[in-house]
Amino acid sequence: MAQEDVHLDDAGLALGLSLGGGGGASDAARQGTCSRLSREPRALEPSLTLSMPDEATATGSGGCGGGPSHSVSSLSVAGVKRERVEEADGERASSTAAAARACGAGAEDDDDGSTRKKLRLTKEQSALLEDRFKEHSTLNPKQKVALAKQLNLRPRQVEVWFQNRRARTKLKQTEVDCEFLKRCCESLTEENRRLQRELQELRSLKFAAPPAAASHHFFNPFTHSAAC
DNA sequence: GCACCGGACGCACTTACGTCA
DNA sequence: CCTGACGTAAGTGCGTCCGGT
């Protein structure tokens, strides 16, 4: 299992930073420098959607039976511009073998364009990708091509893997953040109850207390709470 | 200097496939 | 064997940035 870079040690300082602020860190990478986050993230709308990673359909349609197998993604209908660019760049689709392997017996013809086969990365490929991801969560084009070559994959596949990997990391971080906020909320609720009780007691003793003694102190849960 | 455009990239969301209980 | 849940590779659409004109 991969180690997620989940950092929450500074009592939630990471909170909000990772929530909903996507995009915009790409161009530094494009230019060969890996200084991501050097730029303002877009809009920063707090889209706390928290969709679980697979509430989508699960239409198991029975995979590789005897049907035609396909060369993974390049079968996609004419619309994949990046793919075309990279292919034109001389990157040959080398994952056909992997797809066929993943599909058991290989019939390596192409397709009718209506289905898509799914490549399963080998353990070695996944491990190397994971290693690179630990070093940098983004790749510049040179790194991408080199890594693709090393893995016998297409650059597009490496790119997609990194994209999905970043999404998984972010999802995990969001879950951690939510868990933290939940605990924080519970703690504040408990503290609130305690203070309500305390207030109740003080009111019941108010005949003994001087009239305006305690009126200048407002409790700020965010500065006093042990949880946050 | 400014506006516009196209290319490249990352992200969110979604789909589809392989695997497993 | 069938089925549903789950993990994940891949597709799509959109926003952003940058270089060229």
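Glycine is no exception: its Cβ is also placed from the backbone N, Cα and C atoms.
As annotated by TrEMBL, DNA-binding region applies to A:114-173. The annotation coiled coil is assigned in TrEMBL to A:171-205. Residues or ranges marked as compositional bias 'Basic and acidic residues' in TrEMBL: A:1-10, A:80-92. What TrEMBL lists as compositional bias 'Low complexity' is A:93-106. Look at TrEMBL and you will find A:112-172 tagged as domain 'Homeobox'. Annotation comment: TrEMBL describes A:1-117 as region 'Disordered'.
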PLDDT averaged over the residues of the DNA-binding region (A:114-173): 91
Tally of residues which DSSP labels helix, strand or coil - the DNA-binding region (A:114-173): 43 helix, 0 strand, 17 coil
